[in-house]
Amino acid sequence: MLSPLKNISLGSELKSLWTVFLHLFQPKATIQYPEERPYIPPRWRGRIILSRDPDGEERCVACNLCAVACPVDCIALQKTEDEQGRWYPEFFRINFSRCIFCGFCEEACPTYAIQLTPDFEMGEYERPNLVYEKEDLLINGTGKYPDYNFYRVAGMAIGGKTKGEAENEESPVDVRSLMP
């Protein structure tokens, strides 16, 4: 006579075999990766790039908000200034061996310079190759925001003119005049 423990074991083995038999005739879910590309959702967060303004200048103003927002501290940059007073990063470095692709840097960027692309093929054999410099990250195009130019929106100081005297600029509002 079989003990109750062996009956339970035999029943679970038969159930497992039945499940395997049912799945035997279903289509395979394997995708042959290099030949067949997988479906990537539209908001996939992949490789990070630095974009340019419509006039070809770097969008990044080295405000350091991306580095502060990064939870794993994988972004490093140093600010410098050109002759016109425009800020730009002297160096911009992302360590992709630490990056978790959370997208906080893209959300923190006021100039839309940092953008995450759907590219996910970043495999490397050596860890130092995962540290990308500004030259590796900078693209020739404007990315997701083709018409946005930070300095047209925010403005730069114009020599000889005070606030509100430049083209397309309104004079500042006196806040005290708005009070009841």
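Cβ atoms here come from the backbone N, Cα and C positions, even for glycine.
Because the structure is a prediction, the values reported are computed rather than measured.
Per Swiss-Prot, [4Fe-4S] cluster 1 binding site is recorded for C60, C63, C66, C109, and the stated evidence type is sequence analysis. If you draw a 10 Å sphere around the CB of C60 ([4Fe-4S] cluster 1 binding site), it holds 25 other CB atoms from the protein chains shown.
C102 ([4Fe-4S] cluster 2 binding site) counts 14 other C-beta atoms within 10 Å of its own C-beta, drawing on all protein chains shown. What Swiss-Prot records for C70, C99, C102, C105 is [4Fe-4S] cluster 2 binding site, and it gives sequence analysis as the kind of evidence.
If you look at the domain '4Fe-4S ferredoxin-type 1' (50-80), the same-chain residues 6 or more away from its ends with a CB under 8 A from one of its CBs are 86-96, 98-100, 102, 104-115, 134, 137-151. Annotated domain '4Fe-4S ferredoxin-type 1' per Swiss-Prot: 50-80, in sequence order.
Sequence-distant contacts of the domain '4Fe-4S ferredoxin-type 2' (90-119) (same chain, at least 6 residues past either end, Cβ-Cβ under 8 Å): 40, 42, 44-51, 58-63, 65-80, 127, 130-134, 137, 143-145, 148, 150. What Swiss-Prot records for 90-119 is domain '4Fe-4S ferredoxin-type 2'.
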For C60 ([4Fe-4S] cluster 1 binding site), what is the secondary structure state per DSSP, taken as helix, strand or coil? coil
So how many other Cβ atoms are close to C109 ([4Fe-4S] cluster 1 binding site), meaning within 10 Å of its Cβ? 21
Listed binding-site residues (C63, C99, C105), ranked by Cβ neighbours within 10 Å, top entry: C105
Tell me, if you would, which residue among C66, C70 (binding-site residues) has the fewest other CB atoms within 10 Å in the structure shown? C70
